[in-house]
Amino acid sequence: MAETAPLYDTYMRAPLRFERGEGVWLITESGERYLDFGAGVAVSSLGHGHPHLVGALKEQADKVWHLSNLYEVPGQETLGKRLTEATFADKVFFTNSGAEALECAIKTARRYQFVNGHPERFHIITFEGAFHGRTIATIAAGGQEKYLEGFGPKAPGFDQVPFGDIEAVRAAITDETAGILIEPVQGEGGIRPATNEFMRALRQLCDEHNLLLILDEVQSGVGRTGKLFAHEWAGITPDIMAVAKGIGGGFPLGACLATANAASGMKAGTHGSTYGGNPLAMAVGNAVLDIILADGFLQHINDVALVFRQGLASLKDRFPDIIEDVRGEGLMLGIKAAIPSAELLQAIRGERLLAVPAGDNVIRLLPPLVTTAEEAREGLARVERAAETLRAARVRKSA
Ligand SMILES: *Cc1c(COP(=O)(O)O)cnc(C)c1O
């Protein structure tokens, strides 16, 4: 019998095999060095092999790996306290991934309405272009046909409207609406930031209708946009927020944050996770926060972001045939290609620079938050060389 590959065929992987990482660099088995401005999709927030993270993980590994939530887990209490002190939230539930953080957020919102006498209010308004994960509920929340097809009936209770359209949101509110769920900056959808006005208008609508504002900051959170959380740019706070990716710095870790009021329905037995809040994850999460919350770190992100923004703007001016637009916030950057974005991604990879594909013909640059200005310029030089190569190839083709 012919042998088939053992792994599910769900991923289209690039033929690259990395053996180790050092800061912003990934090194292949054959010793080639790639500048990692994908950071494992905004996960490796402090780059690879950060000594503080490695030390925290090793230290915890020598003590105890796993306890379950049958017992008190001191690392959860510490990380929970730090997250609530740094944000709008009063309560935290730890998960292992973004989708699980969203599941907790959705359940928290529905339970809130339920315990307040409104079991019929379970609908959540979501936005076109959204991405919230790959579970049965989160593909329904994201609403993208390509992720829903073939997986049975779409989970009920998600009503989708165009991104940024406040009148459409208003019109979608019914007696069955529990809340509104939005990424302050759509990631997978193509680095599309919501305007501050839109975020404030959503907050206001929620207040008027007793709805919960649920933010998906799985990608935009933990310093990525230059604030601890992206919604801070709009000067508003949510009721519930899903966090993951950058909070674990590469260790699987997510969290659902909520105000005490929003979380009031989540009593003993209503939710759980075997691994959520595992001591190893807590040790790493706390170590990540040591760095992100340190004086001057967010300022560093904003300084480096400026280098990127200026560099990318100048590349857009010089290569309008390759780069149509540059957008994003902080170190969550999108290059909208004027050619098929897969070609741009490929050319950039040819310069040994890693980026991440996204919707809307965009490629994402999500560099580690520890990227220096010098490393940023190195990355920009590689984008420039890729653009030159692409232009030369297109000139040849049309000649
Ligand atoms: C990655 C992502 C998710 C899903 O996270 P997983 O850890 O893959 O489950 C959800 N929302 C947003 C905005 C994301 O970027």
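Even glycines carry a Cβ here, placed using N, Cα and C.
Now, the feature entries from TrEMBL:
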type	residues	note
BINDING	Gly98, Ala99, Phe131, Asp216, Glu217, Val218, Gln219, Thr274	pyridoxal 5'-phosphate binding site
BINDING	Arg134, Ser273	N(2)-acetyl-L-ornithine binding site
MOD_RES	Lys245	N6-(pyridoxal phosphate)lysine
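Features recorded in TrEMBL, as mapped to the structure shown.
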| residue | record | Cβ within 10 Å |
| --- | --- | --- |
| Gly98 | pyridoxal 5'-phosphate binding site | 29 |
| Ala99 | pyridoxal 5'-phosphate binding site | 24 |
| Phe131 | pyridoxal 5'-phosphate binding site | 24 |
| Arg134 | N(2)-acetyl-L-ornithine binding site | 14 |
| Glu217 | pyridoxal 5'-phosphate binding site | 29 |
| Val218 | pyridoxal 5'-phosphate binding site | 30 |
| Gln219 | pyridoxal 5'-phosphate binding site | 28 |
| Lys245 | N6-(pyridoxal phosphate)lysine | 29 |
| Ser273 | N(2)-acetyl-L-ornithine binding site | 18 |
| Thr274 | pyridoxal 5'-phosphate binding site | 10 |
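For the pair Gly98 (pyridoxal 5'-phosphate binding site) and Ser273 (N(2)-acetyl-L-ornithine binding site), the Cα-Cα distance reads 13 Å. Among the record's pyridoxal 5'-phosphate binders, Gly98, Ala99, Phe131, Asp216, Glu217, Val218, Gln219, Thr274, no two C-alpha atoms are more than 25 Å apart, and one pair sits at exactly that spread. Sequence-distant contacts of Asp216 (pyridoxal 5'-phosphate binding site), defined as residues of its own chain at least six apart whose C-beta falls under 8 angstroms from its C-beta, comprise Gly98, Leu102, Ala105, Ala130, His132, Leu181, Ile182, Glu183, Met241, Ala242. Selection of the binding-site residues Ala99, Val218, Ser273 by a Cβ distance under 6 Å from ligand 1 yields, in sequence order, Ala99, Val218. Ala99 (pyridoxal 5'-phosphate binding site) and Arg134 (N(2)-acetyl-L-ornithine binding site) are 7 Å apart (CA-CA, integer value). Rounded to a whole value, the Cα-Cα separation of Gln219 (pyridoxal 5'-phosphate binding site) and Lys245 (N6-(pyridoxal phosphate)lysine) is 6 Å. The Cα atom of Ser273 (N(2)-acetyl-L-ornithine binding site) lies nearest to that of Ala99, taking the recorded positions Ala99, Phe131, Glu217, Val218, Lys245 as the candidates.
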